[in-house]
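One structure below.
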Amino acid sequence: MMGSLKIISPPPPATRFRQRVTANGDGFPTFLPKEIQNIKDPFARALAQRIVRIPVPLQMGNFRGSVMSSCIKPLVQLHDKSPVVLLHCFDSSCLEWRRTYPLLEQACLETWAIDVLGWGFSDLEKLPPCDAASKRHHLFELWKTYIKRPMILVGPSLGATVAVDFTATYPEAVDKLVLINANAYSEGTGRLKELPKSIAYAGVKLLKSFPLRLLANVLAFCSSPLSENIDWTNIGRLHCQMPWWEDAMVDFMISGGYNVASHIKHIDHKTLVVCSENDQIVSNQLSVKLLCELANAVLREVPDSGHLPHVENPKHIVKLISDFASGKLY
């Protein structure tokens with residue numbers, strides 16, 4: 001007698017996420033700093049309304065539990081394409097992608113923007129370790145819990161270092177890499193890790209200051225009016241208003257930071273190396289060096305852009321990522 005035949009339906013082509021977040025009267029999540037109300041950039045305001053927190057299990061050092069981790073989730077999760085996962089620069093947040101994220105969605109790419117542990121807008125009142133290993137482990141647990149498929153991992157500046165570090169440890173989680181103005185050859189935080197904590201906290205307070213952030217912004221962008229630079233500076237330091245930020249930054253500084261130069265030659269994933277024509281922070285020569293050391297890479301330059309082309313020239317960045325994802329570029 002024949003056994004019963006079970007017919008298994010194929011997976012649905014897409015899954016639609018339900019977004020649940022408590023918002024204030026202006027639509028901003030209540031966990032964001034009140035200074036969000038002062039931001040003028042309409043792209044930042046729109047993207048801020050989509051920031052959510054999702055529980056990510058984490059076991060590092062003496063920390064055991066779940067971190068309510070801030071990110072921007074795609075409205076629809078596809079099952080037949082690699083998702084695009086956006087990291088951010090050093091000491092920044094997912095709002096860095098305010099001008100690029102909506103264009104990636106328009107290009108029909110499933111896109112996540114994730115706040116690296118210790119930065120962004122997560123709930124870290126019970127502070128876990130925020131060293132490089134913890135940041136890597138947190139990203140892996142988020143990927144394993146929610147994304148679950150090899151991803152196109154995109155990292156600008158120090159975010160490229162985070163991406164290389166992650167890929168070297170969890171190659172199975174990555175389909176392709178996009179490294180934008182990569183700061184991949186820095187040797188950690190150097191002698192900062194030897195500072196007494198009192199001095200480290202003083203340095204972190206300086207890092208948070210508006211004048212220093214404004215100066216960094218002026219260097220980062222090719223050309224933007226002062227009023228725009230001021231607003232963008234406020235966007236870039238918004239996460240610094242989180243109550244745990246100083247402790248997380250000091251923990252990262254004294255941990256030694258990232259040192260991934262020795263991993264680069266072992267990365268064999270297809271990689272798009274992107275450099276900007278007018279980057280005043282990271283030399284284009286480092287992008288060429290990266291191209292030469294990676295086993296499977298191509299290089300493209302973004303015209304009329306400084307260190308953050310995904311803010312200044314988002315259409316060009318989206319075209320590069322879209323073509324790279326579809327195989328047209330490589």
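Note: Cβ is positioned from N, Cα and C throughout, glycine not excepted.
What Swiss-Prot annotates here:
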ACT_SITE  S157  active site, nucleophile
ACT_SITE  D279  active site, charge relay system
ACT_SITE  H307  active site, charge relay system
DOMAIN    84-315  domain 'AB hydrolase-1'
Pairwise Cα distance for S157 (active site, nucleophile)/D279 (active site, charge relay system) [Å, integer]: 11
Pairwise CA distance, H307 (active site, charge relay system) versus D279 (active site, charge relay system), rounded so that it is a whole Å: 5
Other CB atoms, at most 10 A from the CB of H307 (active site, charge relay system): 25
Set of same-chain residues at least 6 away whose C-beta sits under 8 angstroms from D279 (active site, charge relay system): N181, S305, G306, H307
D279 (active site, charge relay system) in three-state DSSP notation: coil
Segment-level pLDDT (mean, integer) for the domain 'AB hydrolase-1' (84-315): 95
Mapped DSSP class for S157 (active site, nucleophile), helix or strand or coil: coil
